[in-house]
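Trainee: The active site, for endopeptidase activity annotation in Swiss-Prot covers C54, H117, E134. Among the features that Swiss-Prot reports, Zn(2+) binding site is placed at H214, H324, C332, with the record citing similarity to another entry. The annotation compositional bias 'Polar residues' is assigned in Swiss-Prot to 378-393. Feature annotation from Swiss-Prot assigns domain 'Peptidase C51' to 29-160. Annotated domain 'N-acetylmuramoyl-L-alanine amidase' per Swiss-Prot: 205-334, in sequence order.
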Amino acid sequence: MAKTQAEINKRLDAYAKGTVDSPYRVKKATSYDPSFGVMEAGAIDADGYYHAQCQDLITDYVLWLTDNKVRTWGNAKDQIKQSYGTGFKIHENKPSTVPKKGWIAVFTSGSYEQWGHIGIVYDGGNTSTFTILEQNWNGYANKKPTKRVDNYYGLTHFIEIPVKAGTTVKKETAKKSASKTPAPKKKATLKVSKNHINYTMDKRGKKPEGMVIHNDAGRSSGQQYENSLANAGYARYANGIAHYYGSEGYVWEAIDAKNQIAWHTGDGTGANSGNFRFAGIEVCQSMSASDAQFLKNEQAVFQFTAEKFKEWGLTPNRKTVRLHMEFVPTACPHRSMVLHTGFNPVTQGRPSQAIMNKLKDYFIKQIKNYMDKGTSSSTVVKDGKTSSASTPATRPVTGSWKKNQYGTWYKPENATFVNGNQPIVTRIGSPFLNAPVGGNLPAGATIVYDEVCIQAGHIWIGYNAYNGNRVYCPVRTCQGVPPNQIPGVAWGVFK
């Protein structure tokens with residue numbers, strides 16, 4: 001539904017104040033990529049990559065304008081190549097053009113030719129200047145939307161937005177508040193997006209035998225994974241892709257599990273593999289969410305799994321509800337295991353079958369509750385006892401760091417790393433950039449590691465090579481040291 005001009009004006013003011021109601025608004029100073037500045041509260045980071053870019057603001061704005069029906073793609077210059085839907089019109093910027101408040105300004109020429117730049121018209125001004133609301137004008141991708149007077153240099157197009165005539169937000173609100181008997185609140189429903197990836201996976205030829213519940217070892221929500229992965233291409237998918245990504249109130253269906261396999265268990269695609277036999281769903285934000293938020297993300301996954309089990313005619317049991325660690329050596333699902341069994345596979349190694357069954361039984365109970373009652377509630381293990389999650393546990397997900405005489409911070413961690421699409425130079429004996437070269441870890445290669453280190457501005461993983469050498473491989477950049485370190489974007493996928 002189109003917005004009124006009053007609603008649009010209110011939205012732009014909220015952007016400028018850093019108070020906009022958006023899931024992509026940064027709530028506190030945040031940094032995950034040392035290539036850019038630390039994002040201040042109020043910045044918009046819609047895809048979880050490269051901090052608060054100019055396009056992030058537009059992605060959020062268009063989602064709001066279209067009631068979450070249209071998600072933009074590409075860089076700023078690509079916005080004039082796509083359709084936002086009914087009511088949106090693309091205009092060339094002519095010498096006589098005076099834009100209206102709320103229009104989208106697109107810069108594609110001159111110094112903006114490579115990537116483009118984009119913002120929102122805050123004040124149409126005149127044919128010489130106008131006021132733009134934008135992000136990343138300074139190149140550091142760290143500020144909330146900021147107003148600036150622009151002289152139209154490089155500005156080639158405007159995108160006119162639909163505006164609804166009629167009552168304003170204030171009148172509508174007053175009308176509702178005058179009602180003596182307000183309508184009861186609707187129960188929140190789970191939104192499922194079927195925006196499938198742009199690659200056709202192999203067909204299974206039958207329904208899946210069950211669901212593997214993963215923890216994503218990442219920081220993105222289901223919507224953010226959709227935004228970053230839907231059109232990522234084969235090179236990224238080869239590093240691992242699940243059928244579903246779930247967070248509070250939202251599940252992204254990346255692949256149709258009823259018809260196609262996914263690459264989520266790391267054990268090949270043979271007829272007996274987890275990839276072939278089972279669907280896979282990621283509980284999102286296992287490395288960033290609070291316990292309370294992560295438990296809400298889990299509930300979305302349980303609710304969705306219950307719906308799929310009904311659709312597929314499956315009963316939740318230990319054969320149909322599976323863990324990633326049952327197929328390959330991995331700590332996944334690490335966060336869920338800590339919360340619901342008290343065992344930390346990252347610091348304590350592989351759990352016993354009894355502990356794995358304890359977690360599976362918890363998952364099974366939650367899924368059954370949704371199938372039978374349509375609802376469920378979380379419980380956690382704290383101090384060895386199961387308790388309600390109304391006061392979430394605060395147990396740390398990672399173990400304690402230690403520092404050696406060389407200034408290297410280190411801790412044990414048993415997991416798997418799948419390299420991205422670029423080779424990485426490894427080092428022998430120590431995690432230093434001037435240590436002897438061990439070779440190149442090829443793109444797409446998988447290694448099982450037992451140690452994590454922070455040294456020389458990088459996070460390293462340590463493992464024993466087949467020839468007996470102790471090898472260290474950098475896997476991302478890192479600012480600072482424990483407990484206040486800020487890791488950069490991972491160069492591959494952790495499982």
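Note that Cβ sites are derived from N, Cα and C of the backbone, with glycine treated the same way.
Not measured: the values here are computed from a predicted model.
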Trainee: Using the Cβ center of H214, H324, C332 as the Zn(2+) site position, which other residues in that chain lie within 8 Å, going by their Cβ?
Mentor: V212, I213, N215, H264, T265, G280, E282, L323, M325, T330, P333, K495
Trainee: Would you mind giving the whole-number mean pLDDT across the domain 'N-acetylmuramoyl-L-alanine amidase' (205-334)?
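Mentor: Mean pLDDT for the domain 'N-acetylmuramoyl-L-alanine amidase' (205-334): 92.
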Trainee: I'd like to confirm something. Which of the active-site residues, C54, H117, E134, has a Cα closest to the Cα of H324 (Zn(2+) binding site)?
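Mentor: Closest recorded candidate to H324 (Zn(2+) binding site) by Cα: C54.
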Trainee: Compute the C-alpha separation of C54 (active site, for endopeptidase activity) from C332 (Zn(2+) binding site), stating it in Å without decimals.
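Mentor: Cα of C54 (active site, for endopeptidase activity) to Cα of C332 (Zn(2+) binding site) measures 35 Å after rounding.
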Trainee: How far is it from E134 (active site, for endopeptidase activity) to H214 (Zn(2+) binding site), counting Cα to Cα, in Å?
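Mentor: With the alpha carbons as reference points, the distance is 37 Å.
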Trainee: So if I draw a 10 Å sphere around the Cβ of E134 (active site, for endopeptidase activity), how many other Cβ atoms end up inside it?
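Mentor: Its Cβ shell of radius 10 Å holds 23 other Cβ atoms.
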Trainee: If you draw a 10 Å sphere around the Cβ of C332 (Zn(2+) binding site), how many other Cβ atoms fall inside it, taking every protein chain shown into account?
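Mentor: Around C332 (Zn(2+) binding site), other Cβ atoms within 10 Å: 30.
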Trainee: Given the recorded positions H117, H214, H324, and counting only Cβ atoms in the protein chains shown, which has the most within 10 Å of its Cβ?
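Mentor: Of the recorded positions H117, H214, H324, the most buried by Cβ count within 10 Å is H214.
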Trainee: Rounded to a whole number, how many Å is the Cα of C332 (Zn(2+) binding site) away from the Cα of H117 (active site, for endopeptidase activity)?
Mentor: 40
Trainee: Any idea what the Cα distance is from H117 (active site, for endopeptidase activity) over to H214 (Zn(2+) binding site), rounded to a whole Å?
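Mentor: Per the Cα atoms, H117 (active site, for endopeptidase activity) and H214 (Zn(2+) binding site) stand 37 Å apart.
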Trainee: With every protein chain in view, what's the tally of Cβ atoms within 10 Å of the Cβ of C54 (active site, for endopeptidase activity), excluding that atom itself?
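Mentor: The answer is 22.
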